[in-house]
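Have a look at the structure below, then the notes.
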């Protein structure tokens, strides 16, 4: 029913007047979001601001409310309740997010941004149409023939085409920033491979500057030679012209991207004019001068002869020609390398790159086919016309005799000898020269811009030392001026080689290595099925990308095996350094996604593996709390697992759900501490009303599949006698719960305790010990309870199980215990030679009866030898069954006196209430005391034996007594553990297994 019809307005139920329009707040402002119908709520549909990392200029940024703000109690939420009002949507109603998005928000000074044509397609085409097109493609056609030249072009184009598809997929999988190829690979594969390829690709582009500049210098030298001008000699002339040219290009680059882009457009127009001039020239009838140089227009017989290979010289083979040609196809990433200067990189990079590959491939095929109208050898002399019957070669059919120069290999013209064949064929040679200048200079300029841009992004990520100096940007475009200067120095060094055919193969392997990893990045991101891999460009195939990656790797070795080894060696060296240094970056790479998938697959695979005693591993649940507060306990368990079995640090926070409690359970800082400490372990925190409930959650829920703990390790509660009865009883109940769940249990006690969170320097004393290992382990800041410096009396707590021990032994006492009944049986012990985990001597000692000592010792030695444990001796301790000293007994009685129920008729009501819990007695009755008297005396005597025999040990391992549930009061059980391990200098680890075999002497 319509509420308005009954005269009821929803506004009447509103607690107050409508709120005033909110003023623009700071970034992160959490406002209410209306739906245009009068319903005002904290929650809102998805909005751009919820996902963007930066705020838009000119308006406040919206923030998504937390789940606690939506779900928490109203009295805990400071925000106002929702408002209900029946209104008509108008200019003031509804969501203004779209209006905010559509408002012009141009900053006062915007850097230059380019579209896909000017920023990507033209730039890529200019970089592809480089020096190889004009100066080496005719020569490659003469060597390989038209057929194999087309194969070289098509194979190169296939590699670059598939790489272009992979690049397009990666570039459309999120917002692309500056850094080009390095940015694409590093954000896809991670910093390990991304950093190495970024460095190699930047270096390859710097060397490519030298290659294109040398091509330009060759043309200038040839022009000077035609006019009889020589500065020094042919080689030094190339060096001089090259250095001058690259210096001029450096000035254009440093002038800014706007000037550089205008120069590129001018070069593009010049090249198009030169192409038209060349095509027209092939149809113009050849003059006598051109015929003397080998050009006879389109002839079927010349085309047929030039279609097949004509290998010459030591480098006359397919792969040598491929290595010289391939750098001409490497310009496909010129647009991606300036991704930070594009208006919309996700659209511009795939569209411009693929269009450039298509057009340049067609141009290479056309030029290699049309240049075949020139014979391979010609003298260039006008008087070499046909004069006699002794003439050989195709030129004889057209009235020319070049047999003299072909016989003595002195021909200076023709496809095989004259690099300027395109200029000779063209209609107007100076236009081809202008095209050569445009192609070489534009390619050199593009590489001179690309290398610093890629290197700048790499430097800003600080993956490698000593290069951050080059990451600084200048001006509104953040131009890498320092990177330009470094690229200039590298290019100038390679220009001094002054040989194009030597420089080109050097960079071929580096570019192939880059393309290999780009394709592998696309394949890896696709095959891991990461939820974050959602490229908007769909025309790619992960298997085609993998094939292209393999082809690139194979071609690298076919071109030059030692150069390929150097390239891969550099990649592996940089990869190893990055893995060792582990930079603190998190880019959500596909390597991270594959790690999860692989780990999940392996864990699932364990479900199909049956347990066997030969494959037993101690999988430890450590009740450490925050690991940094009990470092000794964590270090000891790390030595036991030795990175070969599961270790899980459990932390119980006794609190209800709240943002503060969840923040305390955040595992990032604890995991960072563990990694920095060198302990391979997991951290698991839980919220629980009390410690026992949280421990039960961990005991029953920790682990995954077969990777679940089977041993519980915890510290001894040294203050149990001073603590409240519920806290001490809860500790005992955790031990009982572990036994009930078939856990092995270990309890560690150290003389100075385990918890370091409360320690601080004493008054008047300056702490001389710093937590050296803690300082790099807290990227989010140390916890409030974890001090940075400790009292000088407690440094061993931090490093007890980290520092090298002296020539000390680990004493192991193997005892017998049945949980409370006075039935102590014979047990033997063995003294070992060494422990592989710590490199210290190992001794096993155990209590047994005085009689039958020899038989027990012999049987224990035989059993240990069958287990192949390597111990050298067994020592039976008959003095375990002697009576303890009277003063030791009095100390024990004093300890338990305050927990004797019958001897304290005025016990507080709380203690009596705890003692009335069914099946969980706490206080000690006279009956309990007398029933367990023999066992109590035994613990006292064992402590005396430990003090007498193991005072110099590095570690004591001893069988932990078991308190039978319901029969042994909790206070009595804790007193046993206390008196057994008290006043001992070495750490004491009390161990109780779950009575299942973990060793076997059988082979199956």
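Even glycines carry a Cβ here, placed using N, Cα and C.
Unlike curated records, TrEMBL annotations are generated automatically.
Owing to the predicted nature of the structure, the values given are computational and were not obtained by experimental measurement.
Taken from TrEMBL as is:
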{"type": "COMPBIAS", "residues": "15-27", "note": "compositional bias 'Pro residues'"}
{"type": "COMPBIAS", "residues": "821-834", "note": "compositional bias 'Basic and acidic residues'"}
{"type": "COMPBIAS", "residues": "835-846", "note": "compositional bias 'Gly residues'"}
{"type": "COMPBIAS", "residues": "847-857", "note": "compositional bias 'Basic and acidic residues'"}
{"type": "DOMAIN", "residues": "38-88", "note": "domain 'Amino acid permease N-terminal'"}
{"type": "DOMAIN", "residues": "119-621", "note": "domain 'Amino acid permease/ SLC12A'"}
{"type": "DOMAIN", "residues": "630-763", "note": "domain 'SLC12A transporter C-terminal'"}
{"type": "DOMAIN", "residues": "855-1003", "note": "domain 'SLC12A transporter C-terminal'"}
{"type": "REGION", "residues": "1-47", "note": "region 'Disordered'"}
{"type": "REGION", "residues": "66-112", "note": "region 'Disordered'"}
{"type": "REGION", "residues": "813-857", "note": "region 'Disordered'"}
{"type": "TRANSMEM", "residues": "114-135", "note": "transmembrane segment"}
{"type": "TRANSMEM", "residues": "147-173", "note": "transmembrane segment"}
{"type": "TRANSMEM", "residues": "193-217", "note": "transmembrane segment"}
{"type": "TRANSMEM", "residues": "238-259", "note": "transmembrane segment"}
{"type": "TRANSMEM", "residues": "265-286", "note": "transmembrane segment"}
{"type": "TRANSMEM", "residues": "318-340", "note": "transmembrane segment"}
{"type": "TRANSMEM", "residues": "352-375", "note": "transmembrane segment"}
{"type": "TRANSMEM", "residues": "481-500", "note": "transmembrane segment"}
{"type": "TRANSMEM", "residues": "506-527", "note": "transmembrane segment"}
{"type": "TRANSMEM", "residues": "539-556", "note": "transmembrane segment"}
> Does the transmembrane segment (539-556) reach the transmembrane segment (265-286) with at least 3 CB pairs under 8 A, where each pair is 6 or more residues apart?
Replying inline: no
> Is it the case that the transmembrane segment (318-340) and the transmembrane segment (114-135) have 3 or more CB pairs under 8 Å, with pairs at least 6 apart in sequence?
Replying inline: yes
> When DSSP states are grouped into helix, strand and coil, how many residues of the domain 'SLC12A transporter C-terminal' (855-1003) land in each?
Replying inline: 71 helix, 18 strand, 60 coil
> To the transmembrane segment (114-135), which of 147-173, 193-217, 238-259 is linked by the most Cβ pairs under 8 Å?
Replying inline: 193-217
>> Please determine whether the transmembrane segment (147-173) and the transmembrane segment (352-375) are in contact (criterion: at least three Cβ-Cβ distances under 8 Å, sequence separation 6 or more).
In response: yes
>> Need a quick answer: max count of Cβ pairs under 8 Å to the transmembrane segment (481-500), which of 193-217, 238-259, 265-286, 352-375 is it?
In response: 193-217
> How many helix, strand and coil residues does the domain 'SLC12A transporter C-terminal' (630-763) contain under DSSP?
Replying inline: 55 helix, 28 strand, 51 coil
> What is the average pLDDT across the domain 'SLC12A transporter C-terminal' (855-1003)?
Replying inline: 81
